[in-house]
Amino acid sequence: MYTGRFAPSPTGLLHIGSLLTAVASYADARAHGGKWLIRMEDLDPPREMPGAASHILHTLEAFGFEWDGEVAYQSRRYALYEETLCRLKTAGLVYPCHCSRKDWQAGARRGADGFVYNGRCRHPGQRPALQGKQPAWRIRVPDRIIGFSDGIVGGYAQNLARDIGDFVLLRADGYWAYQLAVVADDAEQGVTHIVRGQDLLVSTPRQIYLQQCLDVPTPQYAHLPLLTNAQGQKWSKQTLAPALDLNRREQLLRQVFRYLKLPEAPETDRPAELLDWAVAHWDMDKVPKHAVTAP
């Protein structure tokens, strides 16, 4: 059975880009007769906005979304992540990293998603002294291509050794890294389809590699076009994207429908009816492959 999900982070309030992802993931799930889950990705408490999680849920309800089951909170799932890391330790796939970011980034080359880790701590004899600090934990990556067929973008691939390097699963400050948490959650929740923004496309080969290491199914992925402002920047909390105005729910839904190339919806003042209409007319093949300007 199709199981999709929407996984916001409570570092801020929902904005127009969030709404596009919510609509697309919801419409794709419901159009396939599937489930749509909500998962709150609250992995980084220092960056979270107080009250954002409850505000996000209230906003989704106000826009007519109905999800299946209880909301999952990553902050309550640490035991699952610890179990997942233990499996990788047992398989000999991970190692402690004693490097500070400043140390390992000095002289490092840039890859697909920031600097490529140079593998300094792969070999025990080369690891610097801990000096009383906890290590991060990294996973060894293979020198081979990992690719997949995306439902919107098409073919996408990376050589993890060349483009990414061994990446962190547990940070030195004790917080779980996104890549491990999302793979563990998707597997445990039975997620079969992931519809999300293209800013996460670069993360997908890492997640597929983790799925292979853990012998869990790889979901089908579809990465949506990013919404950009007039300066070509992705609308996000960092670019001061305005929070969704609950007094303009119908207008904002229609705006998102246009970005997703849905036909014009009939007049109604009920957001839930607009969502039902989007489900009935959903066509992933019409979704643009490239960024869309949303002034």
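Backbone N, Cα and C define each Cβ position, glycine as well.
These features come from Swiss-Prot:
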- ARG5, PHE6, ALA7, PRO8, SER9, GLU41, TYR178, ARG196: L-glutamate binding site (BINDING)
- CYS97, CYS99, TYR117, CYS121: Zn(2+) binding site (BINDING)
- LYS237: ATP binding site (BINDING)
- 8-18: motif ''HIGH' region' (MOTIF)
- 234-238: motif ''KMSKS' region' (MOTIF)
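Closest by Cα distance to PRO8 (L-glutamate binding site), from the binding-site residues CYS97, CYS99, TYR117, CYS121, LYS237, is LYS237. ARG196 (L-glutamate binding site) carries a strand DSSP state (E or B). LYS237 (ATP binding site) and GLU41 (L-glutamate binding site) are 15 Å apart (CA-CA, integer value). For the pair ARG5 (L-glutamate binding site) and CYS121 (Zn(2+) binding site), the Cα-Cα distance reads 36 Å. Within the same chain, residues at least 6 positions away in sequence whose Cβ sits under 8 Å from that of SER9 (L-glutamate binding site) are MET40, GLU41, ASP42, LEU43, ASP44, GLU48. Among the binding-site residues listed here, namely CYS97, CYS99, TYR117, CYS121, LYS237, LYS237 has its C-alpha nearest to that of ALA7 (L-glutamate binding site). Cα of CYS121 (Zn(2+) binding site) to Cα of TYR178 (L-glutamate binding site): a span of 21 Å.
LYS237 (ATP binding site) sits 28 Å from TYR117 (Zn(2+) binding site), counting Cα to Cα. Over all protein chains present, the Cβ of TYR117 (Zn(2+) binding site) has 21 other Cβ atoms lying within 10 Å. The binding-site residues listed here are ARG5, ARG196, LYS237; among them, ARG5 has the most other Cβ atoms within 10 Å of its own Cβ.
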